[in-house]
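To start, the structure itself, in structure tokens.
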Amino acid sequence: MKKFNFRKVLDGLTASSPGSGSSGSGNSGSGTGGGSNQPGGTAGVLREEIQETLTSDYFQICKTVRHGFPYQPTALAFDPVQKILAIGTRTGAIRILGRPGVDCYCQHESGAAVLQLQFLINEGALVSASSDETLHLWNLRQKRPAILHSLKFNRERITYCHLPFQSKWLYVGTERGNTHIVNIESFILSGYVIMWNKAIELSTKTHPGPVVHLSDSPRDEGKLLIGYENGTVVLWDLKSKRAELRVYYDEAIHSIDWHHEGKQFMCSHSDGSLTLWNLKSPSRPFQTTIPHGKSQRDGRKPESCKPILKVEYKTCRNSEPFIIFSGGLAYDKACRRPSLTIMHGKSITVLEMDHPIVEFLTLCETPYPNEFQEPYAVVVLLEKDLIVVDLTQSNFPIFENPYPMDIHESPVTCTAYFADCPPDLILVLYSIGVKHKKQGYSNKEWPVSGGTWNIGAQTYPEIIITGHADGSIKFWDASAITLQMLYKFKTSKVFEKQKIGDGKQTSEIVEEDPYAVQMIYWCPESRIFCVAGVSAYVIVYKFSRHEITTEIVSLEVRLQYDVEDIITPEPETIPPFPDPSSQLPSSKSLSGSTSTVASEGVTKDSIPCLSVKTRPVRMPPGYQAELVVQLVWVDGEPPQQITSLTVSSAYGIVAFGNCNGLAIVDFMQKTVLLSMGTIDLYRSSDPYQRQPRSPRKNKQFIAGMTELTDSPVPLELERCKSPTSGFATRTPEAAPGFYRNELPAVRQRNQVHHLPDHVNGHCTSPTSQSCSSGKRLSSADVSKVNRWGPGRPPFRKAQSAACMEVSLPVTTEESRENSYNRSRSSSVSSIDKEAKEAITALYFMESFARKNDTTISPCLWVGTSLGMVLMISFNLPSTDEQRYTEPVLVSPSGTLLTLKGAVLTFSCMDRLGGLMHPPYEVWRDPNSMDDNEKGRKRKLVMNSPLTSQEMADHQYAVVCSEKQAKVFSLPSQTCLYVHNITETSFILQAAVVVMCNSACLACFCANGHIMIMRYSLSLLLFGNHDNSFLEKEKAVSIKEKRENRDKENTQRQKEDLSF
């Protein structure tokens, strides 16, 4: 993108220029404006020089790969020649896996559950049977698998399918007990049907039940073994069309498997027994065993056990055969986990699983059923995992799984994606993480080794970070097709383990998962990592290659308002905002112990939710805890959850906020710089002039809201309601009051949600529920109302003096009743003047803090749930030596900008239109043994493409909220353009990214649309009022993309086999 100087052009911008035709009103606290047309030839010359590099062709969005374990798996198949694996799911998806990197996803258009999968061995094809009674033939000999043929059964339900090796006949069993034969080449019914009444004896009057097994004889492929649910087994001669053999047993059959010689077969039954039958004596079983049944003293039959759902009987040339089955445990062992039993000779090994077993397959050396099978591994498909057991070793170890199947080992609670990371970072993380891998895996190679894949020519480092409910953090390499675990650490190791009945202070906030990760922030260049947990804590980590043993430094922050026993000050007695020099830390705690121990019957106060370890802790190489910051209880009420988080490695500062206020901490000096309520940040410029309420007004408000309970909420307003509307919206007629948002919590146990970082607190209960309740809740009420810890609106003074707010609490019942009557609009004009205002977005930047500033300085941009944008200015010591000793001065600048809806993200551009990144510190090992490394000074990178002298006069600030995006000119704070992104929905996540050397705004909307909007520099220059500054290039419906992709798959030409 060609850069140019348009300093003179900006001189023509006025604050009264009309807005663009597609933009909104553009009103803000600082006025609005627009670009004006430039007369003369200068504008024409500049217009020709501008080259817009972004077009719609760059945004042809398509799915490339799916990471993680298949959701709700139902079926499993393996090709022993090609050595590829197929997994079917309840949602109609099929996942085909080969060697690491070979990963293919395909989907049935109907979405019906996959009942069974059968490979056409070594032919590049797959047969799937779905719950809508349809058979599909998939062609795998092309880049994207597609369905070649489909066959629908209209009158019978499919229960079992069997495709013999190198056969063209597919046998299909049904619920009525009939067996149909399908020609695999033409994929039509052959007309040959084995009716159930012909298969069983004519004298038998009862129906044998559905077909549960079909298999051809290893000795003669013209004979078909049919197993019925009631215990009947028939050996059918396909040539003579009659039953050659019938077997009856008084227990239901679940599965059957042949001996390779074709003279015996084994059945598994519902009473936990295994029966071995000889074709020469079909009158009774040759052998009957109940492997896990207790033998009786009097010689009677052993006690019945749980059903054996599947059995496989595999022979070996030089050893005893393997008998492998699932289920069959004794009923008195109800607490035992699902298990797989391996019987080899006289030894019986029970492998307990973490999840229920869906299916298992034994991998053998030969695909021919009439040879010694020589099993070498067992693939076990669990509900939430895939494991492979090595049968060649006596202790049966498992193979190390190369696929990212353990993403949801603990439920994922937040994610972050990073592209174009430093090239050496992936190798560094891997080298550290490989030292912490589990031991005891099989030393053999992964047996599913089919297929080939090639890395694309345009690869770049990509890293995905996941935070989990158990407090663990995982780093994944996403540069290739498949994810690879790089490094993992647990945030819970900095805290003492919870003892049963010890205080129970955490359980009063969250019922479970007290260490769940709520937000993460990572600076790849400085390797500073910060995490916010559900128990209202923030941990700052630094990366080191060396192991250390040290004490963990902790700080406690009191970030709540005290609404009781507060005397309302007169307007003239409100003290002015303190001088920045007075913003020094007033108190701090550098120990992990709590300052107040709450005994039974005593109100908890100044106690954190978790106890930090006070003893020296050994920290292995990798990420090591530098500082722990915890919010504390106030007057018996738990702290509110953190809703926003950011870190600046260049400044050495971490900032976080919740629905009560903002906290800024210096992690280099381990001090609290600022702990202030949101209202106090406005100083005297609060646009809503929120004042204390009297009890009389509160009663009038409750009565007025009761009258409105019968008025229905329009559907359109309900549809466009955003998660943050509970903070700040009310009906225009209603008086001010606190509301509790009734949105249900979406982050529950065993549910996985990839939540947007910037709105993590809005899509879930931490801000929508816990920030607005006005009643002091007991511990029982807390767990009933909200597992994430609701509390009444607390009060917290600034460390010096600031404006105070008084509000009488509303009872939980009243709050619940009133919550149904507030307006569903996020408009700033209908904001409740006394609603809780959460901090929703934070952003460090070198910017202009005030209108009259002539030079840039360190700033913190603060966005709130009411659509307000504030600026906090910093005064940092000038040298490295002073940075560790001299205090950092912090003060709100008084700047106030407004948007519609909660603020989600910020970005800055220089006056040439280049995207400016926050400054950062170059990483250096804090625990290095090298003297040169220890003595090296901090190296800061300011990330500005221009010199300070050229950049000092102008900047652009792009701010995006749930509803709209605005562009402000700095330092004048003039609103140049407004773009109303959506009126019928709201934005979940937004980010400013660079593509083809141009910046664009990407938004993910709650209605399932992805919108890409580009920055048009020509509109900034010449004020083209026929178009918006943010031109919408793409609005892609995820559902429509899926439908279009599936249609294209059916028409795609055949390509080379990809694996």
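Residue 1 is the first one shown; counting continues down the chain.
Note that Cβ sites are derived from N, Cα and C of the backbone, with glycine treated the same way.
TrEMBL: automatically predicted annotations, no manual curation.
In TrEMBL this protein carries:
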type     : residues  : note
REGION   : 15-43     : region 'Disordered'
COMPBIAS : 21-43     : compositional bias 'Gly residues'
REPEAT   : 107-148   : repeat 'WD'
REPEAT   : 246-287   : repeat 'WD'
DOMAIN   : 289-397   : domain 'Lethal giant larvae homologue 2'
REGION   : 570-599   : region 'Disordered'
COMPBIAS : 580-599   : compositional bias 'Low complexity'
REGION   : 1040-1059 : region 'Disordered'
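Secondary structure of the repeat 'WD' (107-148), assigned with DSSP and counted as helix (H, G, I), strand (E, B) and coil, comes to 0 helix, 23 strand, 19 coil.
Note on the domain 'Lethal giant larvae homologue 2' (289-397): its mean pLDDT in the predicted model is 90. Across the repeat 'WD' (246-287), DSSP helix (H, G, I), strand (E, B) and coil residues number 0 helix, 21 strand, 21 coil.
The DSSP breakdown of the domain 'Lethal giant larvae homologue 2' (289-397), given as helix, strand and coil counts, is 0 helix, 49 strand, 60 coil.
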